[in-house]
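Single-structure report; data block below.
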Amino acid sequence: MMALWVVVGHTFASMPMIHRKLPPALMNTYAVDVFIMLSGFVIFFMMNNKKLTYLVFITQRLFRIFPIYLFALIVSLLLIPYTEQSLHLLTSSPSTIRRLEIIAHFYEHPIFHFLSHILLLQGLVPNSVANDGAYTILGQSWSVSLEWQFYLIAPLLFIALCSLDNKRNILILTITSAFLIIIGMFLTGGFIGGKLGMFSIGFLSFFFYKDYASKLSASELMCLYFIISILSLSILKMDAIPMLIWFTTFYFVLLKQNENNNSLVSRLLDSTPILYLGKISYSIYMLHMIVLYFSMRLSMYCGFSKGMNYFLIPMITIFITIIVSTITYYIIENPMIKFGKKITQKNEI
């Protein structure tokens, strides 16, 4: 569902504004924040259940995210002239000038941008070195660079957090966190320091799940859920939205596990369509912008009315993206995940 939120947000940001009070991208960066919290939880859950060496962990993660990323990167690189032409041809939108600016910044240092992207380290590039380094070629991949940075340090964070009785680990965590947050103030949104709080919510949720959740009654869980939600809202206002989504989902998952409470939310999360979308969500996230420009050009050639475009372009983009993502999942993503596990299997602890 979060992947579709991103798709719809990018689609509406590519069309003339419906209303000045409606955010052009429908606040779809909040969906990315939910992904980040989920990643923090899942990675720590996985490391707790599977005792992997650092090399095995990184290798398996590499084969999880790089194959479809590289495919999307190469296709997007080849389509930069087409994308630029589309932005000039299509009706101006809130994102048009910004996207043309990012393409212009790519042309300033094309080789550098390509090399930083191919290594998935574009999130480390400050604007003083290359403007919009985190966003050129494949704009949404800034968050994948963020994810890769997290993978590189996650095992060390996990070990330190599992041994907080050691004062040295507390010191290491404090210094590391402070360093990342301070550096993040000088880098773009693609650096882990800027999203360390979101990752932290995810992996701290894991420790709560592992050590405390089963000891609490349904009423205690509900009280805790409401207290955390109200505090988040009162402090962060609108920016609490991704956390509220995460806390709500997490609460109902715990409720089902502890009390066998099969609520509407639990049934929705376990439904076949949602599980399937979750399975192909990474491909959806990586490929949807490629599909979007084709959808918008198709709409232009067909001469759809402005009103129809607000309905047809999102629907066409979602439909084609799901089809393409299904294909890439089964011919690229899933086979490479299995291959990564196969080549590291004998080295697992």
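The backbone N, Cα and C atoms fix where each Cβ goes, and this holds for glycine too.
Under the heading domain 'Acyltransferase 3', TrEMBL lists 3-329.
The transmembrane segment annotation in TrEMBL covers 30-49 (among others).
Taking Cβ pairs closer than 8 Å, the transmembrane segment (61-82) reaches residues 103, 106, 114, 117-118, 120, 137-138, 141, 144, 147-148, 151, 282-283, 286-287, 289-290, 293, 328-329, 332-333, 336-337, 339-341 in its own chain, all 6 or more past its ends. Annotation source TrEMBL lists transmembrane segment at 61-82 (among others).
Marked as transmembrane segment by TrEMBL: 148-164 (among others). For the transmembrane segment (148-164), the list of distant contacts is 39-40, 43-44, 47-48, 54, 57-58, 61, 65, 120-121, 123-124, 170, 172-173, 176, 191-192, 199, 203, 207: same-chain residues at least six beyond its ends, Cβ to Cβ under 8 Å.
What TrEMBL records for 171-190 (among others) is transmembrane segment.
If you look up TrEMBL, you'll see 224-254 (among others) marked as transmembrane segment.
The transmembrane segment feature in TrEMBL is assigned to 274-296 (among others).
As annotated by TrEMBL, transmembrane segment applies to 308-332 (among others).
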Checklist outcome for this item: Same-chain residues at least 6 beyond the ends of the transmembrane segment (30-49) with CB under 8 Å of its CB atoms are 2-3, 5-6, 9, 57, 143, 146-147, 150-151, 154-155, 158, 195, 198-207, 209-210, 241-243, 245-246, 250
Next on the checklist: Please report, as numbers and ranges, the same-chain residues at least 6 past the borders of the transmembrane segment (224-254) whose CB is under 8 Å from any CB of it.
Outcome noted: 27, 30-31, 33-34, 37-38, 41, 198, 201-202, 205, 209, 213, 216, 261, 263, 265-266, 269
Checklist entry - In the same chain, who gets a Cβ under 8 Å from the transmembrane segment (171-190) while lying at least 6 residues past its ends? => result 122-127, 132-135, 142-143, 145-146, 153, 157, 160-161, 196
